[in-house]
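Engineer: OK, TrEMBL features for this one:
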REPEAT    5-46  repeat 'WD'
REPEAT    112-153  repeat 'WD'
REPEAT    154-195  repeat 'WD'
REPEAT    196-237  repeat 'WD'
REPEAT    238-279  repeat 'WD'
REPEAT    307-348  repeat 'WD'
REPEAT    351-392  repeat 'WD'
DOMAIN    519-586  domain 'COPA/B second beta-propeller'
DOMAIN    627-774  domain 'COPA/B TPR'
DOMAIN    817-1223  domain 'Coatomer alpha subunit C-terminal'
REGION    827-847  region 'Disordered'
COMPBIAS  833-842  compositional bias 'Acidic residues'
COMPBIAS  867-887  compositional bias 'Acidic residues'
REGION    867-900  region 'Disordered'
Amino acid sequence: MLTKFETKSNRVKGLTFHPKRPWILASLHSGVIQLWDYRMGTLIDRFDEHEGPVRGVHFHNSQPLFVSGVAGTDNIVCLQVMITRSKSGTTIDLCSPTLASTFLRANMLTKFETKSNRVKGLTFHPKRPWILASLHSGVIQLWDYRMGTLIDRFDEHEGPVRGVHFHNSQPLFVSGGDDYKIKVWNHKTHRCLFTLLGHLDYIRTVQFHHENPWIVSASDDQTIRIWNWQSRTCISVLTGHNHYVMCASFHPKEDLVVSASLDQTVRVWDIGSLKKKTVSPADDLMRFTQMNSDLFGGVDAIVKYVLEGHDRGVNWASFHPTLPLIVSGADDRQVKLWRMNETKAWEVDTLRGHMNNVSSVMFHAKQDIIVSNSEDKSIRVWDATKRTGIQTFRREHDRFWILAVHPEINLLAAGHDNGMIVFKLERERPAFALSGNSLFYTKDRFLRYYDCSTQKDSQVIPIRRPGTPSLNQSPRTLSYSPTENAVLICSDLDGGSYELYIIPKDSVGRSDVVQDAKRGTGGSACTLHETIRVKSGAWDDNGVFIYTTLNHIKYCLPNGDSGIIRTLDVPIYITKVSGNTIFCLDRDGKNRAITINATEYIFKLALLRKRYDHVMGMIKNSQLCGQAMIAYLQQKGFPEVALHFVEDERVRFNLALESGNISVAVASATEINEKEQWYRLGVEALRQGNAGIVEFAYQQTKNFERLSFLYLITGKLDKLSKLMKIAEVKNNVMGQFHNALYLGDVKERVKILENAGHLPLAYITASVHGLKDVAERLATELGENVPSLPEGKTPSLLMPPFPVMCGGDWPLLRVMKGIFEGGLESAARGGAVDEEEEEDAGGDWGDALDMVDVDGMENRDIDAILEEAERGEDENDEEGGWEELEGLDLPPELDTPKASANARSSVFVTPTQGMPVSHIWSQKSSLAAEQAAAGSFDTAMRLLNRQLGIKNFAPLKSMFIDLFSGSQSYLRAFSSSPVVSLAIERGWSESSSPNVRGPPSLVYDFSQQEEKLKSGYKATTSGKLTEALRLFLSILHTIPLVVVESRSEVDEVKELVTIVKEYVLGLKMELKRRETKDDPVRQQELAAYFTHCNLQLPHLRLALFSAMGVCYKSKNLATAYTFAKRLLETNPMESQAKTARQIVQAAERNMTDTTELNYDFRNPFVICGSTYVPIYRGQKDVSCPYCTARFVPSQQGNICGVCDLAVIGADASGLVCSPSQVR
């Protein structure tokens, strides 16, 4: 037997070959149908919706269909559409022969998807691209579905939140949950405004009224309540249902409410009389107290219709947005359509197809369709006119619970067991083609023509016979042939089809020409890579590709650089780009012409093509600005160009240093006048050899040590003498002695030593330099303690060598100014560079340089400094420091309770109890440390989890207790009375207001961590690695509970986390290496990885020395050689250097390794914090949200092995340790 292909599976009961393709279908006894490619030997797809053995299967000979059948209890013939696409997002549906329609396999156009706890409630914002999702866990999430980002979360409910709804005009939303509470929130201020209490059981749904200040709520207490959210009172209770009320909603236009209940009925309530009454708070209260004597009952709302027809409890009912229709879904797996008029309501039809309870059902806002979802894990789309099924979307494991329909646009959302999805039912992009200035596009079953030059729009020919088109069957692409004057239209109809139309020459402007099109099967596709969906694109006249995404118009340059031109409110589809005008179609098929500012990408294109004359012209005449442009110019090596766009002095200073423009840097540093800028300016000026600027910078920061050395090497001994006098006045003994040493002034040195009490040293200095009178006087004072001098030695005065060049700056090579350095004048004259200047740009060295005139600056001379010092003025040069608490942006003082006027009597009135200080701290602070100090440990833990992903709080337990204890003190008043708790506030003073509470005093501060860091360094140097690891881990555990004041200190805290993380990782690997005694290969690898941690230089030398020795002992000479060379580059101690040189010599004779290591020093890598293996560049990794340690992907979800606090790969907002970060 010549076997071509063979499978192993369950018993095969049916087989059929495809008539055209190398495919075979096999139906199995297990109920599965397999589709195989017998030529390639691969499984293409599988279908598994039959219940029981599938005994028969057959392909259609021309359509992409096959039929399958079973025997037994199923009795279903399954008609299925074959699509050779990825299975992701598609579904297979069974159809009984009794059903009027055949469900087809279809793709859901998913726009956004989340993974979370079960979603029980959904609502779209009417204007913004936001959606609220209420979860079974009690959390409410606010998402931007266009950008795919979580904006905020609200978690004050206790238990599942089943209902949520946005207000249509105010920044409010309402929620109801299993805690019997209705909460009204302000999403701008991120807080709950108030809570409405009254329901006695779970609250199922809540909804705002579109006009009145009302909220309707449905509850398991069998009632529906209407609330006035302005007066915060219940104004009506609707009773009549005798089981749980699963939903209730207002009519979008009329004074009606529809409700659904597990009592198997749908009720329509008339609330017209309620609207006629006043809605003032007093009337609301009176109405509530004067309700009818029924159990709850008022007469404000009456039952208008009771709709009976479902066999099981009804889960959902909703109104049609414009027609007098109601749709309902129930546990009997049916969807029912109802119609109503002024006097009655009746059932129109029943839609069957769901296999389990129907959870939610709604009308589409723009189309005549009904959408329902169910616990059978499917979403079904029904034609509301024909009452037949159109599409079904199914998930593998998730039951659906809720639906939401956007009131304005073609978007829906569905909540399921593991999150939610936002999706469309069909594409909205018009098909179009451009030829010159002629645009052909489709709209409303017509081919239309648009002339871009005259902006004239007209119909050409009809392209489809009348009839209701199916979803996703509209034209997908359109191509135009100017030679044949024909259009080719492709669509997804019948699995991919095309229609070819020949356009008559006289048909433009006429819509009555009907012709038969040539039809066939086929399709088309187009792909563009972007991080967000690309909607359309076109080339402009300069060769720049302009394209659109969901919310931006962007550009892409020929070198791959891209950027944003402008933002969009709604997506558009570009048809042509001409100059600064974009011609496009919107989702309604309307032509639009959008004017854009192309300056940015034209500027970048000119830079790319080195058209510097155009660049200079644009600098002079265009309004180019922004941080993005500055960053781009820096990245591309044009910092001198970026200088022309910047007004911020700090940015100008950085750019000037980067481009070497000292004059601009000096001007910016003078405006900023901070120590850091003067220091950096001095470093750059010293690199350029500009001694005048260096001196000026050192004078501004009063850095006398650097000034002394500068004067020494430049030969300015007179200024050096003045510095020595300044040091004497400021009582700076070491500075005075150094200056005397530089000057060779022996008498001054003796005087300094004598005044400092070092008489033996003063005597020796005077004796060896021939100052006999002074030496004899000092000998008399010393008495018997006169030190002995060595015999036979000839003393000589140590003098620094005199500079070859005294003063002045380094000579610089004269060169031509670049077009961007002072070339603005030439650009203004026409952008050309003078040829004579180019000829003068020779290679001679000289003094005729365009240097900064230091003499013209406000340069404080040394004499002025000396005069201040001699007057005894203290140089208040303290830097930084803690900010005063009076400058904090504190919330307003709490209103002091006032006694009423009639309370003034002789009777003692007990004072109103104030709010505990700990509660004030908890309400005012967003810092975890202050929440812990206030005793709100759970809030502190939630903050740390949200900000840093921390889940293991065991190491922080003692610190929480210390913070709480340290913020409280206790005072015993009388022996019979309890102790009085006193709050200890940070920064308290006698001038502080008694009504304003400062933040709590904290026992941990940043300076303590710096001291621990120094101790850790010392322990590492001395080889006490266990002690060092304990200190570094203590720093990592304490930093989340440290509070600093300024932004600069926040940066220092984050830098400290990075430093400590490297040491913890390295020390853990080194201790692991010392424990691994029986595995020499692993020992070498761990020692090698330790050398790639970012350590201080002395510790790096020790790590390299250790790794070098370990590898040498194991005969891995080549690897030991690399460590020895790295060690020698660090300028180690002589003993280490000698050993390294010996190993280099030994390795050069035999450059081999006896064992292979998982270590490649040439390929950059980071080390996994758990497995201690390298993660080379390009490999996937995950990181700790707190300490930023890196890990292999398999470690995601575990506790970080470095900090032992956070969850690897968790989403976190970042470290918050300062009030300045949350103001």
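Glycine is treated like the rest: Cβ placed from N, Cα and C.
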Engineer: Please average pLDDT over the domain 'Coatomer alpha subunit C-terminal' (817-1223) for the predicted structure.
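Structural biologist: The predicted confidence over the domain 'Coatomer alpha subunit C-terminal' (817-1223), as a mean pLDDT, is 77.
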Engineer: List, by number or range, the same-chain residues at least 6 past the repeat 'WD' (5-46) whose CB is under 8 A from its CB atoms?
Structural biologist: 52-59, 61-62, 66, 68, 70, 82, 84, 87
Engineer: Are there residues at least six beyond either end of the repeat 'WD' (238-279) with Cβ under 8 Å to its Cβ atoms? List them, or say none.
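Structural biologist: The answer is 201-202, 204-205, 207, 209-210, 212-214, 216-220, 222-226, 228, 230-231, 287, 294-297, 299-308, 310-319, 321-322, 326, 328, 330-331, 338, 340, 345.
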Engineer: Per DSSP, what is the residue count of the repeat 'WD' (112-153) in each of helix, strand and coil?
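Structural biologist: Going by DSSP assignments, the repeat 'WD' (112-153) contains 0 helix, 26 strand, 16 coil.
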Engineer: When DSSP states are grouped into helix, strand and coil, how many residues of the repeat 'WD' (351-392) land in each?
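Structural biologist: Summed by class, the stretch gives 0 helix, 25 strand, 17 coil.
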Engineer: What counts of helix, strand and coil residues does DSSP assign across the repeat 'WD' (5-46)?
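Structural biologist: The repeat 'WD' (5-46) comes out at 0 helix, 22 strand, 20 coil.
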